[in-house]
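Participant: This structure is in structure tokens; I'll ask about it shortly.
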Amino acid sequence: MGLTKNFAFLVFCCQRYCSMDGEAFEISLLDGEEDRFGGTVVNLMEVESMTIGDFDSKLDVSLKAWKDQGKKGIWIKLPSELSSLVDTAIKKGFTYHHAENEYVMLTFWLPEPPSTLPCNASHRIGIGAFVLNKNGEMLVVQENSGYFKDKNVWKVPTGTIKEGESIWAGAVREVKEETDIDAEFVEVLSFMESHQAVWQRKTDIFFVCELEARTFEIQKQDSEIHAAKWMPVEEYVNQPYHNKEGNEMFKLIANICLKRSREKYTGFVLTTNSAKKSLYCSVDHANLLKETADQASTSLSD
């Protein structure tokens, strides 16, 4: 039994061929790890060098072996140093999946289509910060660039969540970067989906967060912000921009901010937070969850 397993391992690690003059030679397979879904992940990030010819021959025998093994999705992670190998993989049927600064990920679905491989990142996460001071005024900015440049529109500080960053932390960071205001996260008021918003393909999810200001003296970020100030909430809501056709979503968000400033609206508070996970729920249930955290889950059914 053990001998059979070892023989199978050797067969799948390399293939033996004969040269034109009859001499035998072996071509090793690309080193890959099986994933949870019956596929194989080939990580070449630690490979210092590989010629196109060597990669071509190894990929040929690897694809044959993977098909014989009944593998499904094949993933190849190529570092930028081996970018010359991309064309070879594409010609054999691989497609681009995603790329980062230091690598490109290629995929190949071996069974009959359709492929069930997940797409790359489908959404971008943005935040808008509704920041109130002790006088009930809100923090607003005008931008140096982007869609709102030269439109004379006052808007809340906005930005994009960084990789590995929580929504609440991103809101606090953006406010600090753009206005130098220290603020404390209160709750998520609402969120909006905008399809085909990123490169005319990806969806943008925009979270509106309420923050409470802890400092009040504004120092704008010169590189991105044209102007910043504290403004009465009603004045912000009544800007002509919010009443223009096509801007209904912006008007709804502005009205949510107005209702929240009058304490007639509640959103989602941060109930638990760890290094990798954050849970938000309605204010009405937050205290209940904290009170019953140690109870059996069946006791929460009411």
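Using the three backbone atoms N, Cα and C, a Cβ is placed for every residue, glycine included.
Copied straight from Swiss-Prot:
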| type | residues | note |
| --- | --- | --- |
| BINDING | Glu174, Glu178 | Mg(2+) binding site |
| DOMAIN | 122-254 | domain 'Nudix hydrolase' |
| MOTIF | 159-180 | motif 'Nudix box' |
Participant: For Glu178 (Mg(2+) binding site), which DSSP three-state class applies?
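Facilitator: Once the DSSP labels are grouped into three classes, Glu178 (Mg(2+) binding site) ends up as helix.
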Participant: Which residues does Glu174 (Mg(2+) binding site) neighbour through Cβ under 8 Å, counting only same-chain ones at least six apart?
Facilitator: Ile127, Ala129, Pro157, Thr158, Gly159
Participant: Same chain, outside the motif 'Nudix box' (159-180) by at least 6, Cβ under 8 Å from its Cβ: which residues?
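Facilitator: For the motif 'Nudix box' (159-180), the far contacts come to 124-127, 129, 131, 139, 141, 188, 207, 209, 211, 215, 217-221, 224-225, 228, 270, 273, 278, 280.
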Participant: Ten-angstrom check, please: count other Cβ atoms within 10 Å of the Cβ of Glu178 (Mg(2+) binding site), all chains counted.
Facilitator: 24
Participant: Averaged over the motif 'Nudix box' (159-180), what pLDDT does the prediction give?
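Facilitator: Taking every residue in the motif 'Nudix box' (159-180) and averaging pLDDT yields 97.
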